[in-house]
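Engineer: Heads up, here are the entries from TrEMBL:
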- 51-128: coiled coil (COILED)
- 434-462: transmembrane segment (TRANSMEM)
- 482-502: transmembrane segment (TRANSMEM)
- 571-589: transmembrane segment (TRANSMEM)
- 604-624: transmembrane segment (TRANSMEM)
- 675-694: transmembrane segment (TRANSMEM)
- 716-738: region 'Disordered' (REGION)
- 723-733: compositional bias 'Gly residues' (COMPBIAS)
- 769-791: transmembrane segment (TRANSMEM)
- 797-821: transmembrane segment (TRANSMEM)
Amino acid sequence: MGSLFRSEEMALCQLFLQSEAAYACVSELGELGLVQFRDLNPDVNAFQRKFVNEVRRCDEMERKLRYLEKEIKKDGIPMLDTGESPEAPQPREMIDLEATFEKLENELREVNQNAEALKRNFLELTELKHILRKTQVFFDEMADNQNEDEQAQLLGEEAQEGGVNQTTESMTRALITDEARTAGASMGPVQLGYMEKSNEREDYLPCFVAGVILRERLPAFERMLWRACRGNVFLRQAMIETPLEDPTNGDQVHKSVFIIFFQGDQLKTRVKKICEGFRATLYPCPEAPADRREMAMGVMTRIEDLNTVLGQTQDHRHRVLVAAAKNLKNWFVKVRKIKAIYHTLNLFNLDVTQKCLIAECWVPLLDIETIQLALRRGTERSGSSVPPILNRMQTFENPPTYNRTNKFTKAFQALIDAYGVASYREMNPAPYTIITFPFLFAVMFGDLGHGAIMALFGLWMIRKEKGLAAQKTDNEIWNIFFGGRYIIFLMGVFSMYTGMIYNDIFSKSLNIFGSHWQMSYNKSTVMENKYLQLSPKEDYEGSPYPFGMDPIWQVAGSNKIIFHNAYKMKISIIFGVIHMVFGVVMSWHNHTYFRNRISLIYEFIPQLMFLLLLFFYMVLLMFIKWIKFAATNEKPYSEACAPSILITFIDMVLFNTPKPAPKDCEVYMFWGQHFVQVLFVLLALGCIPIMLFAKPMLIMQARKLANVQPIAGASSDAETGGVSNGGPHGGGGPHEEEEEMSEIFIHQSIHTIEYVLGSVSHTASYLRLWALSLAHAQLAEVLWTMVLSIGLKQEGWFGGVILTCVFGFWAILTVGILVLMEGLSAFLHTLRLHWVEFQSKFYKGQGYAFQPFSFDAIIENGSAAVEE
């Protein structure tokens, strides 16, 4: 068979490259993506390899690019992505790239540092501006309070003063001595201070501090001041309405202005320590109003200048980032390619002359000529005169498994590989899964309407796949849906087909060809009597509905479920047995390909006979019952004489004598049935010891004849009696130690017991097809009856409004429950049927995947890691 049904034939090759041409040749192989290199220096530390310095340089360039990318995303600048992949630069171009990245990083860091310093200066000036404004208000209030106090004393109305003004004035008085007030009278109404040694101006010390603090720290700050200073300070605060920008991280912060009045050096030291502990920023605030006004004007002038400089700095930064954004994606690709090349070169060995690099690699046998052409192109690019040499080697190692896929088969192959990567040249179930997986899913999900929704969703993703693939989102759920778009489309199409077979669309039926049953009752009788039955002898026309089920079963309230149960249960067993027989037949292809004659005769044949003689015979009984027995037939082949297939099968396996048949009926369905059943059971039981003992006994006999001891040199199966699993197809089996005979007997016993018991349990497991199909149909009927029918029964314009709302609710439940949740449930059950019931018959899945050196895969994985 072709590579579609088996993995590609692989060859282990040895590659000799001249040192000057190695970089260019590896670059060409990376673009090709068909070579998997082996590490020839497994014991050498990563820091002691030849090209470790080049790898470090690439890491440093990647760090600088990530820094640029972070700054570009911070400013919201779109990065140009043409989708093209530039070629890997030559080694000499690394210096130019490093210089470019170094220049950009230094320039950007310098601009950021300058911008941060300017923002910090701007923040300080803004805070000082607010302090000057708020403190002026505080001092004006104090001046007003003092004037009001003097007027109150003159008018004799001191007792009538109250509220906030009285409190503020009294608190201020408590902190200012009479001497200070007397001295202050000559200096102005708002001049606060105290005299220590002389009345000269320079000895008049300030008795207040002003600053800003984060608003959330203010309550704790106020409590600490009160407790530490024992109430001997007076605090006034006012909120800054507009949030300020933190220059360190760019966050918006809310702050408040405060001014603290106190008296004495001791309190001054204590207040400053508390401010320092709460990270409050203190600013100088002149006492004289004229000085404050002069300082405020200077601050406003400097703020305007800073705004101009900040705008120019931001414009320059934006220009630098826009220029970098145009080339950032290409730079990332180039650096990752260079890094990947040097990582790969570190896997090579140097020859004795230090002028040649030696590599070992796995390559697909069909692509050796393509690889040689790529090596020749790399040699020409490097200007080397020595051609590379690619030699095929003989090996006993198991080659990697390589299955060629396209965008259609990739998802199905991923389902198989999730169970286990196929052993080398083992039969690949993926091509058969393309049909069997959506079909078994559709048996459980059969509904024309729900299948159409799923198929349209899959078709939309297929039609828009280029645009959707280019968006590259990190949403895992969406990526799973998009990756399986062809599976979703096929599942929807197959579900539409089975929905037409069931004649089921949103729990209703389509009467396309007209029912083949005739109604012999009038309308009133049918509507009032719930227990009416239609007789197949009189009311059935004798010819079946042309396609699918007759729509008359939709209105059969009493026995609709009974009829559907019998039908779906039988087809579940039929499909299950056929699926398992197909899996056993697939093992025949494996045995013949690997020339495993012992397994072919003493495993495949007994397994197939056991399955056919018991379970396939049960399927034949179902067809015989459908063909021979009918309601229109006379006894002994009427519906009353039809035996139970389950009871017949149980009596057959247990050698029970069947119960006597009713009058005018026969016990057996055909002549000689009892003899055939006894013979089939005895032959099936006889297959069990053959599967259990024949193969180990023959292997033991072959070893005795060849005088073979348990030494190295046989295949890992140790079941072939010295016959290599690889045969002439390349690769061979793994070169491991031969198994002991006791282990062979144990493994064969486990394998036989698992197959015999699994045949029964696996057959019963296919009944999930019937169970989920029934559950899906009943859920759809419940939604129609309990939800949508309510809106359909309403009349008039109000009924139209109700129907619109009810339909929306019904549609949400249909898509959310019946399509998504039921679809996911049916998908998981189908996956289990393929992994356990089908693949266990022939598929080992003990291989390891072919992971070629490919730039596309490296860049895709690198982009995904950066996004995370």
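A Cβ is built for glycine as well, from the same backbone N, Cα and C atoms used for every other residue.
TrEMBL entries are annotated by machine, without manual review.
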Engineer: For the transmembrane segment (571-589), could you work out the same-chain residues 6 or more beyond its ends whose Cβ comes under 8 Å from its Cβ atoms?
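Structural biologist: Answer is 1, 427, 429, 432, 436, 440, 443, 600, 603-604, 607-608, 611-612, 615-616, 618-619, 622, 759, 762-763, 765-770, 833, 837-843.
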Engineer: Residues sitting near the transmembrane segment (604-624): Cβ under 8 Å, six or more positions beyond its termini, same chain?
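Structural biologist: For the transmembrane segment (604-624), the nonlocal Cβ contacts are 570, 573-574, 577-578, 580-581, 584-585, 587-588, 591, 645, 648-649, 653, 669-670, 677, 680-681, 683-684, 687-688, 690-691, 755-756, 759, 763, 841.
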Engineer: Counting only residues 6 or more past its boundaries, what in the same chain has a CB within less than 8 Å of a CB in the transmembrane segment (797-821)?
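Structural biologist: Result: 447, 450, 453-454, 506, 776, 779-780, 783-784, 787-788, 790-791.
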Engineer: Could you give the residue numbers and ranges of same-chain residues that sit at least 6 residues beyond the transmembrane segment (434-462) on either side and whose C-beta is under 8 angstroms from one of its C-beta atoms?
Structural biologist: 409, 412, 415, 468, 481-482, 485-502, 504-507, 510, 571-572, 575, 579, 768-769, 772-773, 776-777, 780, 814-815, 818-819, 822-823, 826-827, 829-831, 833-834, 838
